[in-house]
Amino acid sequence: MTNDFHHITVLLHETVDMLDIKPDGIYVDATLGGAGHSEYLLSQLGPDGHLYAFDQDQKAIDNAHIRLKKYVDTGQVTFIKDNFRNLSSNLKALGVSEINGICYDLGVSSPQLDERERGFSYKQDAPLDMRMNREQSLTAYDVVNTYSYHDLVRIFFKYGEDKFSKQIARKIEQVRAEKPISTTTELAEIIKSSKSAKELKKKGHPAKQIFQAIRIEVNDELGAADESIQQAMDLLAVDGRISVITFHSLEDRLTKQLFKEASTVEVPKGLPFIPDDLQPKMELVNRKPILPSQEELEANNRAHSAKLRVARRIR
């Protein structure tokens, strides 16, 4: 593995094992990242099995070509450089209309966070960027410097759930009227200066939620996840499974809701039984999310907020 793309995979065995791998099946890793899940999944496949791996970051794909070389050489893995919201169209273009399982590791990968110039981290000084796909035009700089006060408040509340959203948006408006806000450090200081002394004493970095909100907005993370997970459930063969790792309450709430909608049915009044065409297409494999073990939590700080939800196609 290349040194500049080091990544400790979260819930590695749980995520893949819960897919109940069929050696000759067709599988998808919707979030290739450091290729940890892909590597373990490929190790479970026989010569007739195949993995399709998505990532919109070329660096991740370049790294995976090296890490997964033996599977590349046997033709068992196909890399797709695109946002996973285009899951269905990419697979259908490759002649794939049905899959046996798919896994998601949502959020930003550790290498992206650690790469200073990507501008994801409030801990390192860097240009405001936060794009997972470097080819897209919208950046964190654009959000911070061009969004109206009301739009900033909206995304800070909606995606950051920060109770100081109005104060932070107002302060951003004041500062950018003098000169553009161009670095992560500048933004982090503005956020800190907008919060009360009592709030600043709380555990965790005061800029964390706002940086999360801007990152979600720049990459339309929740919209992409919503579209992709729905497509994934439609692509699953009967008995196929979907595993989703989330890292914050918004992702987890979305996943839980999508799984609930697909695994329950509103029975019209007066119907003595549920007709076949109204039966749910999915069932929950685990009602409560699977959490990392104590051993994993001690070994990998990033695992602390991780939750794994799994569902199975039943018709």
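Here the Cβ of each residue, glycine as well, is placed from N, Cα and C on the backbone.
There are 28 other Cβ atoms within 10 Å of the Cβ belonging to Asp55 (S-adenosyl-L-methionine binding site). Annotation note: Asp55 (S-adenosyl-L-methionine binding site) sits in a strand segment as assigned by DSSP. What Swiss-Prot records for Ala35, Gly36, His37, Asp55, Phe84, Asp105, Gln112 is S-adenosyl-L-methionine binding site.
Just so you know, the Cβ of Asp105 (S-adenosyl-L-methionine binding site) picks up 26 other Cβ atoms within 10 Å once every protein chain is counted.
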